[in-house]
Every structure is written in C-alpha cells, then in structure tokens.
Amino acid sequence: MKPRPYSVFLFLHIVFYSLLSAVNGSPSLDYFETCSNFVPRAGIPTFSPYAVIKNFDEVNRMYYIQVVGNLSGVITIVGGNGSHIHAASVYSETYALGKLVTSNTTKLCDVVMDPHSFEVPIKCPWAAGSAAFMVKVPFKSTLSDYSKYELTTLTTRVIVVDGTPEKNVITCMKFGLSTTLYYFYPVISYLVVVSLAYVSFSIIYALFLNPWTGSLDPFKSIFNFNMDPDALRLTSLGFFDFVQYLQFAVSTAQVSVMFPKFYINIMAALSWGTALFRFPIFSEPAEYQFADFADLSVASSSYADYLPKSYGMYSFLDSIGIGTACWLPFLIVMVIYLFAALFVALLVIFLKWLMSRIFNETIAETRWDTWSFIAGSLIRLYFLTYFPTVAYMSFQFVAPPTGYEIIPVLWFIFFGIFIPVYLYMNLAFVEPSSKLLEDQTYLHLFGSIYNSFREERVMFWIFPIAVQFMRGITVGVIGSSGSAQLAIFFILEVANVVAYAYVRPHFPQTSMNTLNTFISTMRLITVILMIPLDPRLKVLGISRDLLAYAILFIHIMVCILFLLLSTQRFMEVSARLLGAKSESKGVPLDRPFGWARVFGINELRRRRLKDPYSNGNTMMFDHSTYNSNEMSVPLTPVSVCSNSLKKDGEAAPPKLFVQTNCIPPVTQASSLVPSKNNTASSSSLMLDSPVTPSSPYSTSQGYSFYRPPKPKSSVRKRDMDQLRALQLDFLNNKPNLLRHDVNYAVREADVYHPHVDTSIDSLSQISSQPFEMRPTAIPPPPKNAFQRAWQIVQSTAKSIWHSDPPKESEKGFVVLRSRPRPNLQKPLPQLHIEPSRDEQYSMERKKTDDSLAESAWSIPHP
C-alpha cells in the first residue's frame with residue numbers, strides 16, 4: 001500500500017504544530033509570602049494563611065486564587081440596609097513592574113468557603129477557629145487582557161479588613177503570578193528557528209564556496225580534509241555552537257533556583273533545541289500546584305522545603321506541558337531527528353552526484369565512502385543531542401515511577417556512557433596519529449568530532465563531552481539542591497575558560513580559541529547572576545525579575561553575535577568570489593574579522609593602479625627620455641645617486657643608493673672577487689633605478705626594486721607546518737559564469753619574504769667575503785627559573801659594560817631578481833710546484849753538462 005501524499009503533509013503539520021504551538025495552561029504561581037509591613041495588633045483577630053491553590057476556568061478564560069488559613073478571634077461583620085454599611089472586605093491589587101494593572105474589592109462573606117468541602121460557602125457570621133476557610137480572589141479580566149504581561153511577573157497583594165469603621169487589617173499577603181506564553185510563544189520560536197537556519201545556510205555557503213577548501217565534493221567540503229585555518233575561521237561559531245549555547249540557556253531554567261516563571265516559560269519555548277517539545281499525544285495542561293496545603297504556619301517548616309517541585313526540572317516540564325515521564329516523548333522526537341539527519345545525508349550524496357554530472361567531473365567514490373558518510377552524519381546528531389540525552393534519562397532516576405523505567409536506564413548506560421568510551425578507545429590508540437587527519441575512513445566517520453582542532457590537540461574533544469555529561473547529570477539528578485547545581489555549573493564554566501585560554505586547541509588564525517573563551521565567559525557571568533536566586537537568599541519581587549532580564553539580555557547578545565558572524569561570513573565569501581583579495585602589500589588572508597580586510601578603505605586603495613609619476617622621488621627624473629608605456633609602477637626609493645655619466649658623456653640612468661649592513665657595492669663593472677678595493681668598510685649597495693624593473697607595463701629586463709618596511713603589528717605569523725591550498729579548482733576550471741579574477745595560488749613566501757633566484761651566484765661569492773656578518777650560534781634556552789634569571793643578569797651586565805654603538809635601523813629588505821651575468825674572463829694563476837729530490841739532482845747534472853759543453857765549444861782548436 002503506497003503512502004498517500006496528504007499523510008506526509010499531515011505528519012509535518014503535526015510536528016510543526018507541536019513545535020511552535022503555545023501551551024494551553026493556566027497561570028502559574030511564583031512565590032507566596034506575608035507582607036513585610038504587616039504587623040499583627042493585640043486584640044485584633046488575624047488570619048494566618050498556610051496554603052495557596054490556583055484555579056482556572058477554561059470556558060471564560062477567568063482565573064482566581066484560593067488562600068487557605070486559620071482565623072484567630074471573631075471578625076466584626078456589620079450588615080443591614082442603608083447608606084452607611086460597613087462589612088469585612090477583601091482588597092486585591094495587581095502590579096506589573098511596579099505599575100498598577102487592576103484592583104478589585106469583594107465582601108468577605110461572599111468569598112469565604114469551607115476548605116474541606118470546596119466551593120461550599122460559609123454563612124456569616126462564623127465562630128473563630130472553628131474551621132479553616134478559603135478566600136477566593138477573582139480577577140475580572142480574561143487571560144487575553146494580560147497578554148502584554150506574558151514576559152513579566154504579576155505581583156498580587158491581598159488585604160483583608162474587618163467591618164469596623166477603623167478597618168483593621170486582619171491579614172496581608174503577596175504572591176507572584178505568571179501567565180503562559182500564548183502570544184509570544186510562536187514569536188520566540190519562529191525567531192530562533194529563523195536565526196538558526198540563517199547560521200546554517202551561512203556555514204553551508206562558506207563550506208562549499210570558500211577559496212581554500214571549497215570543492216564540488218561535499219565530503220571534502222564538510223569534513224575539511226585540508227584542515228585549513230582560513231576555512232576554519234569562516235566556519236567558527238557555526239550551527240553546532242549555536243545549538244549548544246541554546247542547550248545551555250535551556251539548562252539554566254532546569255536548575256532549582258528561584259527563577260521567575262516567565263523566564264522558565266521562555267526557555268520552554270526553546271525546548272526543541274534539547275529534542276523535547278509538547279507532542280500532542282503526551283501533552284497535558286499546565287496545572288501544576290504551587291503549594292497544595294503546605295502548613296507554612298508551623299515554625300519548623302520553611303518556604304524552601306517546597307521549592308524542589310516548584311522550580312527546576314519539574315517547573316520546566318510543567319511549562320512545556322508534559323509530565324515527569326519525559327523520556328517517552330524525548331525518544332519520539334529523537335526518532336524524528338534521526339530521519340531528518342538521514343534525509344540530509346542522502347540529500348548531500350544526491351547533490352554530490354548531481355554536481356558531478358553538471359560539471360562533467362569524475363568523482364571517485366566507493367560504497368564504503370557513502371556508508372561511512374551517513375554514519376558520520378548520525379554521529380554528528382548523537383553529539384548534538386548528547387546533553388539532553390544525559391539530562392532527561394538521568395532525571396528518571398529521581399522522578400516518580402511511572403513504569404518501564406528500565407528503558408531510560410538502559411538508554412542512559414548505552415548512549416551516555418558506553419558510546420563515548422567506545423569512541424575514545426577507537427581514536428586514542430590510532431598509530432600514527434596523523435592517520436586521523438589523512439585517512440578518509442576516519443574523517444568520514446569521526447571527523448566531525450575533532451576536525452576543528454590542531455593535530456597535537458586532536459583528542460581535546462573529550463573535554464567538551466565530559467562537560468556536557470557533568471551538566472546533564474547536574475540538572476537531571478541533583479535537582480533537590482540548587483546550591484550544589486550552581487557550584488557545579490560555576491566550576492564547569494571556569495574549567496571551560498581555562499581550557500580554551502591556556503590549552504588553545506584550535507588554530508590561532510581561526511580565532512576560535514578567543515571566541516570560545518568569550519562564549520564561556522558569557523556563560524560564567526550567567527551563572528554568577530544566578531547565585532542571588534538561590535532559595536536560601538530569598539530574593540523576590542522586582543529584584544528577581546531584573547536578574548532574569550539581565551540573563552535574557554546576555555542570551556540575546558550571544559545570539560546577535562552569531563548572526564553578525566554569519567553576515568560577515570556571507571559577505572566575505574561573496575566578495576572573494578567576486579575578485580576581492582587581501583594578499584597585496586603583505587596583508588595575510590588569515591586575519592580574523594576579514595570583513596574589514598575585504599571592504600576596508602586601505603584595501604580599496606590598494607586595488608587602484610597608481611600613476612608611475614605620482615611619487616615625488618621619481619618625478620625628479622627626466623621623463624622625456626622614457627616611454628610612459630614602458631614604465632613600471634614605482635616603489636619607494638631611498639635616494640638618487642647623481643653625477644652618473646657614461647664614458648661618452650651621455651647621462652646614465654639614475655641609480656638608487658640603498659643602505660645595507662654588510663653588502664658591498666655591486667655594479668656591472670665591479671668585480672665580485674674579494675680584493676683590496678672591496679674593503680669591509682663598504683656599507684652600501686648600488687642598484688638600478690626602480691623605474692627600470694620589469695612589470696606588467698614593460699617587457700624590458702629588470703634588476704631589482706626596493707620594498708618599503710611594514711609595521712610589525714600588521715603581520716601575523718602562521719604555523720610553519722601547515723600547507724595552504726589557495727586555489728578553488730572548480731571555479732577556476734569551469735565556464736566563465738563561475739570564473740573570477742582571483743589568483744589564489746600565490747605563495748605566502750612570495751609575499752612576505754625576499755625572492756632570490758638560484759641562478760644568481762653572486763650571493764655565494766659575497767658570502768665568502770671576510771666582512772660578512774654571519775649569524776652567531778644561539779645558546780640553548782634555559783631549563784629552569786634559576787638559569788633564566790642568570791641569563792638575564794649576564795645580558796644586563798654585558799649591555800652595561802660592553803655597550804655597542806647604536807646601529808641604523810633596518811629600512812626594509814631588497815628583493816633581488818635575476819640579471820644577465822657579465823662574461824668576465826678571470827686569469828688563471830701560475831702554479832709553482834716544488835721539484836722532488838731526484839729531479840733536483842738531474843736538473844743540476846744537466847746544468848753541469850751544459851756548462852761543460854759550452855766551455856768545450858769555447859776552447860780554440862789548434
């Protein structure tokens with residue numbers, strides 16, 4: 001039997017209705033106390049309340065409060081007809097943030113009822129202390145009239161006076177009332193869902209289109225095979241970080257502290273972030289009683305004894321509209337999320353196949369790669385829902401039993417403890433560890449766990465998992481003590497700040513360490529603001545509401561930060577695809593907050609082609625002898641050498657006189673062989689003019705140019721062991737529609753460091769000269785504090801007694817280019833070889849024979 005199309009739409013309608021529909025419950029009581037300025041007077045009867053019961057009429061949307069208490073003495077009741085009638089009365093006033101909202105006056109005899117018979121009125125007069133009675137306080141406004149007060153606490157004050165002309169006060173009590181989110185519930189839910197979708201689309205946009213690791217292959221784009229810091233910078237504070245912060249915000253409402261009910265209602269509207277919302281078949285009206293016949297008049301009893309079921313997880317589940325057995329709707333929502341994750345994984349695989357067809361690219365894939373990618377997507381979902389799994393399943397250990405408790409226990413043991421231990425055993429003993437970053441099998445399955453950490457910090461993923469586990473146990477099991485929960489939350493956030501600030505598991509170029517430290521600091525401030533809400537401190541009234549507003553303000557600021565980073569992500573990737581680049585003038589691509597690097601005024605100036613004659617130092621040259629089409633963009637010279645004449649009297653091209661530390665003058669006519677003329681006192685280098693080097697405007701042979709110095713603050717060191725893939729292949733090799741004028745294959749070494757051609761052997765000859773300053777051996781770093789202190793003392797003494805003369809500061813560096821080497825014929829030196837002893841004897845004998853022969857020829861013959 002085929003599923004009909006309308007059944008699918010009906011299922012989606014039920015899911016979204018459950019996600020975004022408001023809870024149809026009654027208002028909730030926040031606190032109940034006696035007025036601080038009420039002092040019982042002698043001789044006047046008093047009414048001592050000991051319980052509060054709230055009631056709500058679903059038909060006419062009216063609600064009222066029943067206060068149960070004991071009466072001491074006889075209340076004077078004056079009745080009869082006439083214009084001057086005095087009777088015992090009940091005054092009720094409702095305030096919102098100190099402003100009067102409504103007031104009502106009712107005769108006491110009209111609202112007094114028997115607490116044991118319920119809704120049975122007591123006739124006036126009645127005997128003192130004969131029975132307790134209830135005072136019914138009605139509100140003559142419907143619930144819709146209070147919709148604008150859904151995000152605040154309605155403080156109600158009830159005053160009972162007798163029927164005497166003096167109107168003696170019998171009792172005075174205050175309690176807080178919070179209405180359910182009826183109108184603001186969909187607004188908050190839709191707003192957060194749209195924000196999360198916006199962050200998600202920005203991450204997808206950056207993963208596939210960034211100029212470093214962007215690729216048609218979604219496996220490589222999503223799991224970031226190259227571990228490129230620039231790509232990680234664009235994806236920092238993404239979808240997972242946003243969801244985890246929402247889970248933290250929801251967990252604050254699950255702590256047993258005296259939060260106002262409206263704060264818990266707001267966090268309940270975000271409960272879908274913890275895989276729990278009001279599913280229709282498990283929903284029930286929020287009819288939780290604040291205190292049902294709690295004897296507050298007994299001295300041994302205290303207000304804090306009744307808090308565990310008034311705040312924390314109980315109140316949070318009450319705001320959602322489900323019972324304490326929350327594990328069953330949680331598992332149903334998890335099944336829905338599981339199918340959603342499978343659908344997204346299959347959609348990614350389909351897009352991979354579709355893009356390969358469109359661009360005619362052959363993407364090598366195997367069946368194992370596909371299955372491992374699907375399994376890796378499920379692991380992502382598992383870690384995304386790890387905190388609610390631990391929190392809701394562990395809560396069943398202390399919740400009232402409802403049957404089938406073995407299911408949440410087994411779920412907690414398997415998914416809360418066994419799976420993390422199994423993953424640790426699989427990843428901790430992989431040899432070599434680089435296999436985790438190079439093997440596609442590990443990256444497909446487990447890459448989402450550690451692919452944002454550095455290689456030496458790849459096992460740092462254990463720390464956030466341990467923090468999530470401890471936070472879940474805290475809100476699930478330790479609900480009876482709000483102080484203990486606050487202490488554990490404080491320790492966890494301090495550990496987070498120290499871990500990200502000291503261990504620094506992410507690449508420095510990504511700014512993820514700084515951003516995670518900032519988020520942890522915001523969470524720590526939130527926990528500190530929760531401390532005054534401890535039940536033992538009894539902070540009530542407006543002060544408690546202001547603390548809740550401050551915490552909500554922090555949550556809003558963090559959400560705005562996520563939206564700003566997503567906007568910057570969209571704009572930076574779009575600008576780079578359109579041709580913007582920040583590599584010119586040595587500005588690195590890995591700078592944080594690349595928005596200004598793309599659209600800043602300095603970057604816009606660098607993109608303009610400068611006039612070759614705009615430089616004042618080059619305008620002193622004779623322009624008439626040069627062709628403007630053959631001129632290159634001049635760089636900043638130091639000075640111009642004058643009186644440069646050729647042998648025939650013509651003016652020679654101007655020369656640059658560049659100061660150096662240890663390189664002697666080098667010209668075409670000068671010999672590179674050490675001689676007496678090239679002395680160590682030479683400290684300058686004669687180079688050709690910056691107008692002559694080759695450039696896009698000229699094809700002439702260029703020799704050298706001078707690059708001005710850069711401020712040290714604008715250069716950010718990179719990790720030397722990280723390679724960069726700066727070319728977006730599928731955009732550069734595709735039709736003109738996707739092509740852009742950006743060369744991402746420029747090496748960083750060509751930007752920052754002087755380029756020296758290997759064909760120039762003059763540097764090797766210069767290095768052989770005796771006057772070159774060679775680098776001295778660097779002593780090994782000291783091992784302990786004593787050696788460091790001794791090294792400081794030695795360096796200080798050496799600088800005092802052997803102070804060197806001040807040297808001229810370095811003015812930049814010279815980039816040498818290849819030039820035709822002059823063919824210099826060097827005369828070969830005459831070799832003088834000492835003869836051996838036999839050779840000397842033969843040579844002397846030969847000389848003797850020659851002399852005898854000459855003397856013989858010189859004797860005259862007879």
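Including glycine, each Cβ sits where the backbone N, Cα and C put it.
Because the structure is a prediction, the values reported are computed rather than measured.
Lifted from Swiss-Prot, the feature list:
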- 1-25: signal peptide (SIGNAL)
- 26-61: topological domain 'Lumenal' (TOPO_DOM)
- 62-82: transmembrane segment (TRANSMEM)
- 83-187: topological domain 'Cytoplasmic' (TOPO_DOM)
- 188-208: transmembrane segment (TRANSMEM)
- 209-230: topological domain 'Lumenal' (TOPO_DOM)
- 231-250: transmembrane segment (TRANSMEM)
- 251-256: topological domain 'Cytoplasmic' (TOPO_DOM)
- 257-277: transmembrane segment (TRANSMEM)
- 278-329: topological domain 'Lumenal' (TOPO_DOM)
- 330-350: transmembrane segment (TRANSMEM)
- 351-372: topological domain 'Cytoplasmic' (TOPO_DOM)
- 373-393: transmembrane segment (TRANSMEM)
- 394-404: topological domain 'Lumenal' (TOPO_DOM)
- 405-425: transmembrane segment (TRANSMEM)
- 426-457: topological domain 'Cytoplasmic' (TOPO_DOM)
- 458-480: transmembrane segment (TRANSMEM)
- 484-503: transmembrane segment (TRANSMEM)
- 504-514: topological domain 'Cytoplasmic' (TOPO_DOM)
- 515-535: transmembrane segment (TRANSMEM)
- 536-545: topological domain 'Lumenal' (TOPO_DOM)
- 546-566: transmembrane segment (TRANSMEM)
- 567-862: topological domain 'Cytoplasmic' (TOPO_DOM)
- 668-686: compositional bias 'Polar residues' (COMPBIAS)
- 668-717: region 'Disordered' (REGION)
- 689-700: compositional bias 'Low complexity' (COMPBIAS)
- 815-862: region 'Disordered' (REGION)
- 834-850: compositional bias 'Basic and acidic residues' (COMPBIAS)
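Contact between the transmembrane segment (458-480) and the transmembrane segment (373-393) is present: at least three CB pairs lie under 8 Å, with pairs separated by 6 or more positions in sequence. A Cβ distance under 8 Å defines the sequence-distant neighbours of the transmembrane segment (330-350), meaning residues of its chain 6+ beyond its ends; these are 15, 218, 222, 272, 275-277, 279, 282, 370, 373-374, 377-378, 380-381, 385, 388, 392-393, 411. Under 8 Å from some Cβ of the topological domain 'Lumenal' (394-404) lie the Cβ atoms of residues 313, 323-327, 412, 416, 472-473, 475-477, 479-480, all in the same chain and six or more residues away from its ends. Over the topological domain 'Cytoplasmic' (251-256) the predicted model carries a mean pLDDT of 92. Relative to the transmembrane segment (231-250), the listed stretch 188-208 leads the set 188-208, 373-393, 546-566 in CB pairs under 8 A.
Broken down with DSSP, the topological domain 'Cytoplasmic' (426-457) shows 21 helix, 0 strand, 11 coil. Using a Cβ-Cβ cut-off under 8 Å and counting only residues 6 or more beyond its ends in the same chain, the topological domain 'Lumenal' (536-545) has close neighbours at 31, 33, 97-98, 152-153, 155, 176, 258-260, 303-304, 483. Secondary structure of the topological domain 'Lumenal' (394-404) per DSSP, as helix, strand and coil residue counts: 2 helix, 0 strand, 9 coil.
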